[in-house]
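K.L.:
Reproduced below are the annotations present in Swiss-Prot:
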BINDING   F38, C58, C61, H62  heme binding site
SIGNAL    1-37  signal peptide
TRANSMEM  287-306  transmembrane segment
Amino acid sequence: MKIYRQIKQSFSITKIVFSFFISLLLNLVAQPTICQAFPIYAQQAYQIPREATGRIVCANCHLGKKPVEIEVPQAVLPNTVFEAVVKIPIDKGAQQIQANGQKGPLNVGAVLMLPEGFKLAPAERLSEELKAKTAGLYFQPYSADKENILVIGPIPGDKNQEIIFPILSPNPETNKNVKYLKYQLHVGGNRGRGQVSPTGEKTNNTIYNASVNGRISEITKLENGGYEITITTKNGESKIETIPAGPSLVVKKGQTIKADQPLTIDPNVGGFGQMDTEIVLQSAGRVQGLIAFFISVVLAQIFLVLKKKQFEKVQAAEMNF
């Protein structure tokens, strides 16, 4: 009986350990790594993704400049769903340097800063057409208390050069913090990996330069695919420059170089861009009043023409008399 209990206890411990490793493995597979989910950098480091100067903080890591566009309606009614279309064009066939040094397809991502009160439209408010346009896209608020700031990415760039955000406009009748006014929207969009990590270190998706003057005395290829370049100065001191896997060298052994001279090509094919636009939260009563005004103007013009014709007829009759 004692042996049976020991075997049973041993089996239970083995089962628990096995379950733990299975759970850990599933988490590693299911969750993206921090180098893949670049929006998390800004979310962790900045309370809001736009600085006082108007610069969106993504530009701190994505140093290349590329265009981005946004299209929204000129005006929207309260409590309605509309589309905000963010366009992030990429070069067809362009491939980026991945973290392991290999080339791969470009990813894209975007951050959309809406006015206070505007937010991501709930699924039950989407039309079938809008559901089809946003299928497979996962939008999330920048933080729990910033529902008006939305982020998405990384997602495949070849299939998502246009990202449609389904937005729900606020209702000033129920939200007293919102007024019928013209508001600004800010969008930032990037394609490809950054050149600087949040800690300030270079990634392998940027150019590497020499830090001193001297002569390249040795180039050693590392097991991980990178290089160690030994530069000997005039004083006989040796400076080792470490190049990660990815960037290709543009120098060779025996070459004399100067400080800040490129040691590698610039492998970055991506970049970041931002754009501002405006949208009007329009009152339905104002629209109805405007329509009524236009109708009254048209009717007044019609009556004026009829009155003029009537006057001309009377005047002609008097002249004939």
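Cβ atoms are placed via backbone N, Cα and C, with glycine included.
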K.L.:
Using other CB atoms within 10 angstroms as the count, which residue among the binding-site residues C58, C61, H62 scores least?
P.N.:
C61
K.L.:
Please classify the secondary structure at C58 (heme binding site) using three-state DSSP.
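P.N.:
The residue in question, C58 (heme binding site), is helix (DSSP, three-state).
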